[in-house]
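Data block below; observations after.
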Amino acid sequence: LQSAGSRGEQARQLIIDLETRGKQAFPAFLSILRDTGQGDLAEMLIQECESRPVPPQLPDLRPVELELREEKQRTRFPFLTGVESCWISQQALRIRGSLIVMCPCQVYEMKADPCGHCLILNNVNFSRDSSLSTREGSDIDCEKLERRFKALRFTVLTRRDLKAQEMVLELQKLSRQDHSALDCCIVVILSHGCQTSHIQFPGGVYGTDGKPIPIEKIVNYFNGSNCPSLRGKPKLFFIQACGGEQRDQGFVVDCDSPEDEAPGASLESDATPFRVPSGNVDEPDAIACLPTPSDILVSYSTFPGFVSWREKSSGSWYVEMLDSVLEQYAHSEDLLDMLVRVARAVSAKGRYKQIPGCFNFLRKKFFFTCG
């Protein structure tokens, strides 16, 4: 398209490309423009279509490749027969400064204001009986994420220093709310963590009384069976906690990578030993009660079984990088691409190594709506 010449010539070339994708491609494309508030652009394309001869049908119906201006990468725009199969990859194509977004069937809708609820559970001080240390620096993490998710148009509720049962009650309270008018739900947990027996999602987080809650139990409060008003909507979980006690020394690679100071007095982990749940401790739901976890993403600060590092003065590596990446890229990139950036940044820090990861069961691309 860029080699076609003027804007008008680019528009005519786009019409030709669309019409080679089937009879319904061009009407479907116009419908997308109108649905995304770009009716003027749709009318311009109609005028260009009426002012030119009908192009012949081409036998080779391969996707058109377009080069993005800003990212300098190539993306495909296949247009197939029927509205359901029409989609546009990424927020990429610009004509006269107007942005053509992806087809709604490929992206989660984020039109509500606020977008949804964000619950942050921040455990800093633990009971003496728990043998768990004070999580210095966690308040810094909490403040960063409060500001970030408010800026991303979420209603943020923060609860500090909760026992395990109090955490469960807060999670259940949120899951039982009516989310019908909202588009998303976020849960952030900042606490000590451990390995637990699990079926779907590994790991557990501790209440201030030293009792663990399996991550999969937390997630399942919000699944389609337990939270009907969030069915089909993205449910995002961000977990800053250790997945175990292993300390990753890393391995040598050929390329150079930044190396921070070695772990010292200000560097702490959120690890605690693996404990087999007793009869009076929360356990994972039974297998028969676990539906498929669609539209759920759980982002972990570290790989299961390994330590997650936290600085007393600046907070955890994971939250620091998550906040920074969201600030820079939330307006232009989808969530999975941003989490890869977070993983790359965290993995380059320190003498001891850490690599965040996620369990992704989203069915569409997720873009934050920036205020």
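Each residue, glycine too, has its Cβ placed from N, Cα and C.
Just so you know, TrEMBL annotations are computer predictions that nobody has curated.
Feature annotations, reproduced from TrEMBL:
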type     : residues : note
ACT_SITE : His192   : active site
ACT_SITE : Cys242   : active site
DOMAIN   : 1-48     : domain 'CARD'
DOMAIN   : 114-246  : domain 'Caspase family p20'
DOMAIN   : 286-370  : domain 'Caspase family p10'
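Secondary structure by DSSP for the domain 'Caspase family p20' (114-246): 38 helix, 36 strand, 59 coil. Separating the Cα atoms of His192 (active site) and Cys242 (active site) is a whole-number distance of 6 Å.
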